[in-house]
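Here is the structure we will look at.
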Amino acid sequence: MLTRIVLFAITNIAVLILASIVMSLLGVNPTQMSGLLVMALILGFGGSLISLLMSKAIAKHTTGAYVIEQPRNPSQRWLLDTVRRQAEIVGIGMPEVAIYEGPEINAFATGADRNNALVAVSTGLLQNMSQDEAEAVLGHEIAHVANGDMVTMALLQGVLNTFVIVLARVVGGFIDSLLSGNRGGGRGVAYYGIVLVLELLFGLFATIITMWFSRRREFRADEGGAYLAGRNKMIAALERLGINHGQSTLPTQVQAFGIYGGIGEGLRKLFLSHPPLSERIAALRMARE
């Protein structure tokens, strides 16, 4: 947790330094930026942190997942025992374990606290995977929790949101001044239109960065699953996903934390939260050699 906080602080300092450089190059008075920076920080981090704090409730509501309080059958008992054992190995609190209705093979983890997380699996996973394969998937999700990926993603999104808000308005003000010849600080309708376009453009690049980081996260979680369940089991689980994949039906709010995130070609690959299954399998096999 301390490492993530330090990284978060360093990244924010870098954003502020970059914003100061841009303002200096564009001739913007830094004293006029204090209000913008405060607004950007509030808006940039407000949404991502609120989403993080509410992530478990949102996930349960959007997927219809029900938490296993008392196991009703051997399958549910096995789920609880496996998650408990893996959580003890990595030194985190026992997550809530839930099942949600879904034909695809998938699972996800979420939560703002690594000691109070949620791990959920689809009914499709329980019906189509062997216990060895399911154990590896659970290990993958437990690795996400142990690595603090949900918190890291929220902090990254907050930093990028702040950057987009500040940069769009600084550059938008500069362009508006060039077009209108108005350097007195007053803003017309054109300024807000320019800012909107720039926010969409910079937001697109921010999404590409976020998804790139998410794909790196998945390789690390696969390694965690291999550690907790065994490398061969993790490879077999990913191969099973390749056979029985189909389009993910997870809601957008939790899709990035599923074991499977869909497929894409060309430029669409830049916006995928998960690497291709073939690359994930190859990475696991390469690490074994």
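In case you wondered, yes, glycine gets a Cβ from its N, Cα and C as well.
With a 10 A radius on its CB, Glu141 (active site) counts 29 other CB atoms from all the protein chains. The active site annotation in Swiss-Prot covers Glu141.
For the recorded site, His140 (Zn(2+) binding site), the DSSP three-state label reads helix. Residues or ranges marked as Zn(2+) binding site by Swiss-Prot: His140, His144, Glu218.
If you look up Swiss-Prot, you'll see 5-25 (among others) marked as transmembrane segment, on the strength of sequence analysis.
Residues annotated as transmembrane segment in Swiss-Prot: 33-53 (among others).
Look at Swiss-Prot and you will find 155-175 (among others) tagged as transmembrane segment.
Residues or ranges marked as transmembrane segment in Swiss-Prot (evidence: sequence analysis): 193-213 (among others).
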